[in-house]
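Have a look at the structure below, then the notes.
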Amino acid sequence: MFLLHEYDIFWAFLIISSVIPILAFVISGILAPIREGPEKLSSYESGIEPMGDAWVQFRIRYYMFALVFVVFDVETVFLYPWAMSFDVLGVSVFIEAFIFVLIPIVGSVYAWRKGALEWS
């Protein structure tokens, strides 16, 4: 039988973890000093006058490496439950996990062959 009271700890954790950041923002907004002046309104508060445009373009290579990292990081998170219950799930889940790992590896090899992961 499905009992809702089994999730009391989950709901308490969810509510507390949502209220703490909101309280932190509200309290810092109330207690923080608000002084607007020419230094606060400038691009940099270091005391040095900014030179040139503040717009800087980043190379796409940084984003490519970040995306590859995120893909493999998320994949690792999804593989962990499979690894913990491998003995219960059987061979079919092993084949699914193998395919799940194989798809990003094939994508990485493709990107590597195309030169998308070259740093220079």
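Including glycine, each Cβ sits where the backbone N, Cα and C put it.
Some features that TrEMBL has for this protein:
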TRANSMEM  12-34  transmembrane segment
TRANSMEM  62-83  transmembrane segment
TRANSMEM  89-112  transmembrane segment
Chain residues in Cβ proximity to the transmembrane segment (62-83) (below 8 Å; excluding those fewer than six residues from its ends, i.e. six or more beyond): 89, 93, 97, 100-101, 104, 107-108, 111, 116-117
Remote residues contacting the transmembrane segment (89-112) - C-beta distance under 8 A, at least 6 residues beyond either end: 64, 68, 71-72, 75, 78-79, 82
